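Visitor: Dropping the structure in here first, questions after.
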Amino acid sequence: MLMLLVALADEFSVLNVFRYITFRTGGALITAAFIVFLFGPAIISSLRLRQGKGQPIRADGPQTHFKKAGTPTMGGLMIFSGILGSSILWGNLSSVYVWVVLMVMVGFGAIGFYDDYLKVTKQSHLGFSGKSRLALEFVIAGFAAWIIMSAGQEPFSSSLTFPFFKELLLNLGIFFIPFAAFVIVGAGNAVNLTDGLDGLATVPVMVAAASFGVIAYLSGNAIFADYLQIHFVPGTGELSVILGAVIGAGLGFLWFNAPPAAIFMGDTGSLALGGLIGTVAVATKHEIVLAIIGGLFVIEILSVIIQVAVFKMTGKRVFLMAPIHHHFEKLGWTESQVVIRFWIIAVVLALIGLSTLKLR
């Protein structure tokens, strides 16, 4: 919205500052954090009043989790308010990439909200039907993938790029849509599974957002893209502003989510944030790099897949409990040890992922 002020830059030269993505990214970060700080307490109080018993605690989970009973969920609403408000204020609303990323965030967030609602009202960790939820996610993600492919230039827009290789492209054609949808849905559910401990998902999401903020800015800048010999994707630089808002909203939410958490993110937030990051990866043509930068999320979702698959085939469990962060709790790690050590892993993987921009 503030981009509209650029039209007055001839009369007021100071308004030229709104042309700069870096300035607006910083503004989006601060604004999103301020919105969450400002409205967070009221949202928490309202959710606590309406939810009563709060998020149900799994009976087979670590014993230390039972003290969290009564903590409200749906904290993703706080993150939503920060990201949406800040993005509308600081983002370039003429960018198709801005709208498609926000669309996925809202769509996935709505699915997560309904899932949280069912869990709270039924007081069961079993919420929305898994098949129905995945079907809706793939519809939203598939539509987003189609928009992204249509917004670019063929054959590049339907091609898959590879890290460490300058010119290697694999044109997927129409199959780009299901591939991209899989990336977006996978990212959403991977972050969702990671969100099992206070602050565990929040910081890695911010780390991934910061990493892809850099990637989006460089990919959307012809000069930097040429220098680094990465693929230039016009218009994706604007996604840095949205990702700045994600970081700001994450910082604001972490204030309330730090242990002992006053509120949980819930599927409302985790699905939305994962879907958003996945969509940015697709738009910037860094889908494979997402698996590196978001490697912690990949580990979490793979631990669940392996656990379920092996148990169905052999009746035995690979991990004491899945997702894998609960496995380490069962081994005797304290919650803070698991969270901080996983944060460190997320930062290291993000740095490795960013190194692919230069190692070509």
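Even glycines carry a Cβ here, placed using N, Cα and C.
The transmembrane segment annotation in Swiss-Prot covers 27-47, 70-90, 93-113, 134-154, 168-188, 205-225, 239-259, 262-282, 288-308, 337-357.
Describe the structural surroundings of these features, if you would.
Guide: Same-chain residues lying 6 or more positions outside the transmembrane segment (70-90) and placing a CB less than 8 Å from one of its CB atoms are 1-2, 24-25, 27-29, 31-33, 35-36, 39-40, 43-44, 47-48, 51, 53-55, 98, 102, 105-106, 109, 112-113, 116-117, 119-120, 241-242, 244-246, 248-250, 252-253, 256-257, 261-273, 276.
Counting residues 6+ beyond its ends, the transmembrane segment (205-225) has Cβ neighbours under 8 Å at 21-22, 25, 191, 231-240, 243-244, 246-247, 250-251, 254, 273-274, 277, 280-281, 283-286, 289-290, 293-294, 297, 343, 346-347, 350, 353-354, 357 in the same chain.
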Visitor: Tell me if the transmembrane segment (168-188) touches the transmembrane segment (288-308). I count contact as 3 or more CB pairs below 8 A, with pairs 6 or more residues apart.
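Guide: Between the transmembrane segment (288-308) and the transmembrane segment (168-188), contact is present.
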Visitor: Below 8 angstroms Cβ to Cβ, which residues of this chain, lying six or more residues outside the transmembrane segment (337-357), approach it?
Guide: 163-164, 197-200, 203-204, 207-208, 210-211, 214-215, 218, 228, 230, 259, 289-290, 292-296, 325, 328-329
Visitor: Suppose I define contact as three or more CB-CB distances under 8 A, residues 6 or more apart in sequence; do the transmembrane segment (27-47) and the transmembrane segment (168-188) meet it?
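Guide: As far as Cβ distances go (cut-off 8 Å, pairs 6 or more apart), the transmembrane segment (27-47) and the transmembrane segment (168-188) do not touch.
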Visitor: Which residues, given as numbers and ranges, are at least 6 beyond the ends of the transmembrane segment (262-282) yet have a Cβ under 8 Å from it?
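Guide: Distant contacts of the transmembrane segment (262-282): 43-44, 47, 54-55, 71-80, 83, 100-101, 104-109, 111-113, 115-116, 127, 137, 140-141, 144-145, 148, 180, 183-192, 194-195, 201-202, 205, 208-209, 212, 216, 239, 242-243, 246, 253, 256, 289-290, 294, 297.
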Visitor: Any residues 6+ beyond the ends of the transmembrane segment (168-188) with a Cβ under 8 Å from its own?
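Guide: For the transmembrane segment (168-188), the far contacts come to 104, 108, 134, 137-138, 141-142, 144-146, 148-149, 155-162, 270-272, 274-275, 277-279, 281-282, 287, 290, 294, 297, 301.
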